[in-house]
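According to TrEMBL, the protein has these features:
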- 6-25: transmembrane segment (TRANSMEM)
- 56-112: domain 'Partial AB-hydrolase lipase' (DOMAIN)
- 187: active site, nucleophile (ACT_SITE)
- 356: active site, charge relay system (ACT_SITE)
- 389: active site, charge relay system (ACT_SITE)
Ligand SMILES: *[C@@H]1O[C@H](CO)[C@@H](O)[C@H](O)[C@H]1NC(C)=O
Ligand SMILES: *[C@@H]1O[C@H](CO)[C@@H](O)[C@H](O)[C@H]1NC(C)=O
Ligand SMILES: *[C@@H]1O[C@H](CO)[C@@H](O)[C@H](O)[C@H]1NC(C)=O
Ligand SMILES: *[C@@H]1O[C@H](CO)[C@@H](O)[C@H](O)[C@H]1NC(C)=O
């Protein structure tokens, strides 16, 4: 295969293996001005300062950056937009924390024009907006003792994002504002919230909006995702070990090429089928998105997701055998997360799309069934027939359909 077409294949298909990626499917477009400059997403090449200054100078918003160190030594960058463009930031503006999904970073909240991006819309509506970037993404690749090129740096899964990253960021927001925060999660960001809630770790959060909730993954409908998760689980570990999973790296490209030759998997035709047909993306936004994403994650994290797809159970990372699990958990099987323990009176706004191939409708309904005894007045469920995974973040009409509802929900449950 010629180098060029191989690259092309790798480019097209790198999305496909990313089980929960926010995924656009119109990667060809003309460029134009945006809230975010079209930075190259090279890991570590760009300081968060650059994003912040761009936000301030180009768009008239205030922007602050914070570093927070997790209890296991990772140094995370957190971005804050403390008030709207018109200013008027009084003291007790309610904080909102935005938590992105896997293989992307906090910048996904800012790729639309300001009047269409959730982060700036919230700021303009009186909220104090905090944007997290989890470990391994370009602004959060520091550690007190480990270099990001050390495989130990990548020894984590979303269990650790729940236990360490999210807790540290929530604590930071609380320290800085003196208030409990509202929360918006997309995809993996919803999983982190639900698991935290079920484990009693969300006491400094007031309410949560869950966009494209991810908990049970047995019904994801994309051929490549299923193949990756079920058939190639062993190979993922064997090929990458405990390492960075960088979609732009050569090792991953080769791995994906193998997946694409698997019977029934056509990487060219598969793209729209993978996250579902996003109805409402602007081509320019998609281009900006592609220049900023994807971001690295830990291979171990993807293996953990693959375990959920394969086993149909939401549990901690499975070390693969009874002895190893016993060593880590004191029991032979990884402990199961029990989402029925989510406090029934915790305010939850949940929105899901009819075309979403990752947060599949059948899987969301399993989740909704578990949440059926939730206090009626503390829960609002929204179903958007035409939306797929990325529409919730980048859809041109997401403000009218979803964001206004979130704002109303937060105001009601402040
Ligand atoms: C990791 O990167 C540092 C510099 O950033 C370099 O000095 C070191 O040799 C690298 N280690 C490995 C194992 O590549
Ligand atoms: C990875 O972290 C786990 C604890 O979470 C530890 O038991 C294990 O030894 C680490 N793996 C390696 C290769 O260091
Ligand atoms: C897409 O973005 C461009 C530039 O901001 C804008 O001119 C165009 O109207 C947008 N299209 C839609 C459908 O919003
Ligand atoms: C169990 O898994 C660990 C690491 O995951 C491995 O080192 C060990 O050899 C395995 N033991 C058996 C009996 O398969």
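Residue 1 is the first one shown; counting continues down the chain.
Here the Cβ of each residue, glycine as well, is placed from N, Cα and C on the backbone.
Note that TrEMBL annotation is computational and uncurated.
Geometry remark: residue 356 (active site, charge relay system) versus residue 187 (active site, nucleophile), CA distance 11 Å. Between the alpha carbons (Cα) of residue 187 (active site, nucleophile) and residue 389 (active site, charge relay system) lies a span of roughly 8 Å. Neighbour counts were taken as the number of other C-beta atoms within 10 angstroms of each residue's C-beta; across the active-site residues 187, 389, the minimum falls on 389.
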